[in-house]
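Record features, source TrEMBL:
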- 11-165: domain 'Peptidase S26' (DOMAIN)
- 14-35: transmembrane segment (TRANSMEM)
- Ser37: active site (ACT_SITE)
- Lys84: active site (ACT_SITE)
Amino acid sequence: MNLKTKLLSILKDYLVPVLIALIIVNIVGISFVLGESMEPTLDDKDVLVINKIIPRLTNVNRGDIVIFKSTLEKNRFSNKILVKRVIGVPGDKVEIMNGDVYINNVILEEEYTNYSYTDGDLSLVVPSNKIFVLGDNRNRSEDSRSSRIGLVDKKDIIGKAVVRIFPFDNLELLDNIFGLE
C-alpha cells in the first residue's frame, strides 16, 4: 500500500466520521422541557430535537417554539435554558390588555393554549434583533412579560424545536420544516 492510498484510507476511516459528527452536533441538538410553562403543547420532561442552524440562517417566526439562554441563573456557572413560543418578532407591536394578546392591533388567535386569559398589561414594539416569547401555559410561565427575562436577544437562541421524541407515545412534529402534511 503506497502512502497516498494509506492517507486516503485514514481520511475515509477516521476523519470523515469525525467531520460528520461535528456537523451533526452543530446542526441538531436535544433539549429537555423542565416545568409546566409550555403545557398543553409540551409537558414536563418531554425531550425535543432542535434545529440549531435554522435560527442562525433565517429569522424565527411567530408561533415557533424556541430554546434560548436566559438571564436566569441555573447555578453559579451557567444560565437557565428555557423553551417558549415566539409571539412577537422585530417591528411587531405586542399588547396584553384585559387578558388578551394583540399583535399589531389584531387579537392573537391561539389554538395551542387552552387558557383564554393572559395575565399582565403591557404595550411594546419589539426592537430589531429581539423576540417576545410566552409560555403556552400563561399562568405558570415566566417569559417576556417578566423583567427577569424580558425580550430575548436573537443571539441567545440556541435552536428551534422540530420534533418531540419522548415520551414515545407523544412523538410529534412541532415544526413543519419539510412541508409535510
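Backbone N, Cα and C atoms are what each Cβ position is placed from, and that goes for glycine too.
Nobody curates TrEMBL annotations by hand; they come from automatic prediction.
Note that the structure is predicted; figures quoted are calculated from it, not measured.
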- Around the Cβ of Ser37 (active site), the count of other Cβ atoms that are within 10 Å: 22
- Residues with Cβ closer than 8 Å to the Cβ of Lys84 (active site), same chain and 6+ apart in sequence? Ser37, Met38, Ile65, Val66, Phe68, Val133, Leu134, Gly135, Ser141, Asp143, Ser144, Val152
